[in-house]
């Protein structure tokens with residue numbers, strides 16, 4: 001899953017997963033291991049993982065988007081090593097229990113909204129294409145962005161746009177939303193984008209004024225940060241010795257959460273001062289692998305949306 005809200009105008013782009021080769025190279029350490037692509041999308045990472053696995057290897061693809069699962073079904077029909085689970089990676093424990101897997105050798109998370117989702121106007125993620133104001137990764141869940149904006153009070157709207165979009169003009173946007181919805185329902189992406197552009201001064205040359213507001217509403221509607229916290233915790237609990245968690249994030253809120261989570265695990269447990277402990281008790285069971293990685297110039301040239309991608313890798317130490 002590669003495309004992100006900060007740039008949605010690249011019409012000629014053909015979907016290709018960001019940091020594709022690097023992520024899979026870090027992830028696959030055993031060709032006969034068990035792996036999870038926790039954000040299957042359109043299968044870019046999964047296909048490359050399967051290409052690196054031997055006949056004894058297994059891969060589980062997870063996604064909450066029914067359109068992604070349709071692609072996963074097709075892949076599973078042609079490769080017995082691949083299985084799929086329809087749901088959020090926050091449900092990783094349940095997904096693995098259904099597979100009968102107690103541990104895995106690696107989990108890959110490629111966060112945010114995918115290029116196909118952004119490029120499909122009917123999904124309502126993009127302010128560059130007019131469509132219904134939906135923004136749900138799983139259309140079966142409630143509410144849609146339009147429903148929420150119709151019902152939420154001004155304070156809640158402002159808080160969401162500030163918390164998840166870090167938008168300085170969140171209160172001004174919220175006030176205008178409440179005013180305009182009394183005149184007519186805000187039901188399309190164009191309506192919302194024009195409203196936000198009216199409320200927010202256009203200071204950043206290459207960024208649409210609605211970027212932060214759209215990001216914030218999408219994150220809130222899909223519970224992205226809550227799911228991320230749950231998914232990270234479940235992933236490390238299920239890692240076998242030597243297993244790796246590879247996470248690609250696309251905005252600072254995600255990356256700060258991932259960075260803090262991995263750093264704290266690698267540092268080891270916080271133990272009370274003055275209490276005798278063994279070296280084993282002080283040592284962390286995890287280690288960071290390399291430094292944070294970013295897309296190279298070629299990837300950014302091929303897909304300008306890759307410019308904000310950051311990849312981090314955590315490994316459970318072998319016994």
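Cβ atoms are placed via backbone N, Cα and C, with glycine included.
DSSP assigns residue 43 (S-adenosyl-L-methionine binding site) to coil, not to a helix or a strand. Annotation for residue 43 (S-adenosyl-L-methionine binding site): spatial neighbours 61, 68, 71, 72, 75, criterion Cβ-Cβ under 8 Å with sequence separation of six or more. What Swiss-Prot records for 43, 44, 45, 63, 89, 110, 117 is S-adenosyl-L-methionine binding site.
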Give the maximum pairwise CA distance in Å, whole number, for the residues 43, 44, 45, 63, 89, 110, 117 listed as binding S-adenosyl-L-methionine.
18
Secondary structure at residue 63 (S-adenosyl-L-methionine binding site) (DSSP, helix/strand/coil)?
strand
Which of the three DSSP states, helix, strand or coil, fits residue 110 (S-adenosyl-L-methionine binding site)?
strand
What residue among the binding-site residues 63, 110 has the most other CB atoms lying within 10 A of its CB?
63
